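Questions regarding the structure given below will be posed in turn.
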Amino acid sequence: MEYVSPEGLRLDGRRPMEMRQIRAEIGTVARADGSAVFEMGNTKVIAAVYGPREVQNRSQQISDQALVRCEYSMANFSTGDRRRKPKGDRRSTEISLVIRQTMEACILTHLMPRSQIDIFVQVLQADGGTRSACINAATLALADAGIPMRDIVTSCSAGYLNSTPLLDLNYIEDSAGGPDVTVGILPKLDKVTLLQMDAKLPLDIFENVMGLATEGCKAVANYIREVLLENTKQLEYRRGL
Amino acid sequence: MDSKLANTWRLTVNEKNFIKTALLSEIRIDGRKPFEFRNIIINFGSEDGLAEVQLGQTRVMGIVTAKLVQPYQDRPNEGILTIYTEFSPMADLSFETGRPGESAVELGRIVDRGLRESRAVDTESLCIVSGKLVWGIRIDLHILDNGGNLVDAANIAALAALMTFRRPECSLGGEDGQEVIIHPPEMMEPLPLIVHHLPIAITFGFFIDESIVVIDPTHNEEAVMAGRMIAIVNANGDICAIQKAGGEGVSQSVIIQCLQLAITMAAGITKQIKEAVEAYNSERALQKIKREPSCGGNNIKESQNQSIDNKGIEVAGQYMERLKLVSRESCISQSNDDEVDSKLSALRRGTDGNGINFTRGPLSWDPYSKGVDPEFLKASLASQGLSTRNKKQGSSGEEKPGEAEGEEPYRDANPKSSAVDASETEMQTKGQKTLKDAVKPKNKRKKKGSSMI
């Protein structure tokens with residue numbers, strides 16, 4: 001199948017190095033300490049953060065740092081075929097683990113010993129790149145909850161189809177079976193914290209694709225900062241400062 | 001989560017600090033250099049598709065099995081490869097029985113991604129009937145001892161098991177050509193899987209910050225390290241999968257350096273696995289040669305048992321000649337009717353089950369015997385006897401006297417065999433109608449004998 005037309009356009013009309021439109025909204029779950037909705041094209045994810053709060057299960061308490069928990073789930077209506085997915089299947093368990101470890105790396109857990117932070121992310125609409133969208137949403141929600149962080153984490157994916165590196169794959173491109181590189185970076189420190197990759201790719205091409213994904217992450221980071229700044233301004237305004 | 005907590009509890013602060021400070025001066029607690037792999041020992045089991053890998057103190061067993069399953073709808077002509085992990089509580093106190101924990105799921109997913117997404121195993125060759133039947137290859141990974149770096153050990157175990165695994169040969173047959181016949185290993189040499197390349201997992205541990213990188217971390221080092229990255233690469237220099245799930249941030253240049261290192265390491269490990277597999281294969285071939293001359297006697301016994309047990313099971317093709325001789329001898333000696341009967345029926349079953357073109361037509365069906373239905377005999381003669389009889393007799397003149405004598409006991413034996421063997425009677429009665437019907441039972445028996453799906 002042709003994923004990049006001779007004119008250099010992708011199936012959804014984007015250029016190879018073009019991202020989908022991103023949109024973020026903060027404070028979407030009233031009861032949560034922090035929450036956000038993050039959209040990347042047709043992919044839509046909602047995240048809610050509770051905490052830091054007392055550890056529910058005392059046996060899990062850690063004496064010198066906060067306990068971070070994460071639960072990833074996909075809504076039944078998120079994909080084309082509506083079907084009840086068993087909770088805790090292998091894929092979502094793995095993504096939960098990945099998101100938890102990524103967030104744990106950026107939260108200053110040592111500042112909140114004997115407490116617990118819960119992150120819940122749910123995919124409302126799935127169109128490729130749910131992993132990245134979840135991480136971006138979780139970052140926003142954590143920031144909204146006012147949890148001390150080293151840096152924000154942003155994530156973006158990139159692929160390699162028709163011998164062209166493509167940024168931010170959608171579902172059709174994702175399921176084409178080509179390589180799929182998901183990168184999560186700490187933009188200020190310029191360090192890669194999350195890196196997942198499938199399929200076969202020579203090292204030099206991989207380097208290119210990873211570089212492209214990192215650029216995407218930086219673009220996301222800029223947008224997230226803007227959103228956060230806007231949100232803070234709004235809060236200031238409401239307080240009448 | 002659980003395993004991580006258990007680790008933090010087990011290691012004291014002093015121990016952790018010791019490991020860290022030692023690493024600052026590039027010394028590891030087990031005396032290795034930072035980029036040194038532990039010794040890999042690969043052992044194979046008595047049967048194909050079983051491998052046990054020891055990586056230092058880590059021990060992982062990989063078992064590969066296959067069965068026929070329906071393919072996924074979106075991939076109708078690809079076999080299915082699934083990986084199951086079993087974290088036994090025996091291996092580590094943090095492993096719990098019951099549902100696989102997060103680390104077990106992650107391990108399974110990483111190995112799975114390395115093997116499947118990079119198309120290391122040729123799944124299309126596992127297809128039998130498109131959209132209906134494919135081979136489902138299942139890899140079970142059992143962690144026997146957790147000495148750290150389970151992923152690498154499990155990956156090597158999975159590869160070694162896959163490379164030694166052989167699936168039974170199968171073909172299509174039956175009335176409509178859609179019947180799947182699985183040939184037992186004695187009859188047709190089982191086929192090895194087609195493995196295009198070996199994706200080798202190599203784990204990097206990052207300590208304190210990215211400046212201290214270690215390969216193949218042990219259990220204690222895993223408790224201290226701030227982040228890890230698993231690179232799955234093959235010896236051709238391709239990257240098959242990477243997993244770095246959070247943890248300490250690392251700059252891109254370090255990642256690329258790690259990958260380059262991984263590729264050079266992978267070549268050595270690939271060689272090691274290939275050598276081990278080759279050694280196993282040659283030993284296997286040797287055993288086969290040794291076994292061959294001494295098995296005639298045993299085999300007959302086996303076939304006797306089978307016939308008595310009424311389990312129509314095949315006899316190895318290469319032993320057929322031998323069996324024929326023995327049975328003829330017993331015919332000549334006019335031994336106990338029952339014995340002859342059982343042997344003959346065993347032979348007949350053997351031939352039918354095998355589907356090999358070796359017919360006992362002239363021996364088993366005597367047109368002039370009284371106890372048999374003449375209609376059926378006509379049919380059976382027409383179907384199997386005539387065609388092969390000529391050939392047989394033409395080729396070996398010796399057989400004639402044996403045959404002639406063999407007819408004698410068989411006259412009495414035949415009705416008896418039908419009495420003993422219920423399934424056989426059924427076929428005889430069925431075979432009364434037409435020529436075609438007489439052929440059918442043979443196919444049916446063929447199916448019965450070999451469709452142990």
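Using the three backbone atoms N, Cα and C, a Cβ is placed for every residue, glycine included.
According to TrEMBL, the protein has these features:
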type	residues	note
DOMAIN	B:36-168	domain 'Exoribonuclease phosphorolytic'
DOMAIN	B:197-263	domain 'Exoribonuclease phosphorolytic'
REGION	B:346-365	region 'Disordered'
REGION	B:381-453	region 'Disordered'
COMPBIAS	B:397-414	compositional bias 'Basic and acidic residues'
COMPBIAS	B:441-453	compositional bias 'Basic residues'
Helix, strand, coil residue numbers for the domain 'Exoribonuclease phosphorolytic' (B:197-263) per DSSP?
18 helix, 28 strand, 21 coil
Restricting to the domain 'Exoribonuclease phosphorolytic' (B:197-263), what is the model's mean pLDDT?
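That stretch averages a pLDDT of 90.
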Can you break down the domain 'Exoribonuclease phosphorolytic' (B:36-168) into helix, strand and coil residue counts using DSSP?
34 helix, 50 strand, 49 coil
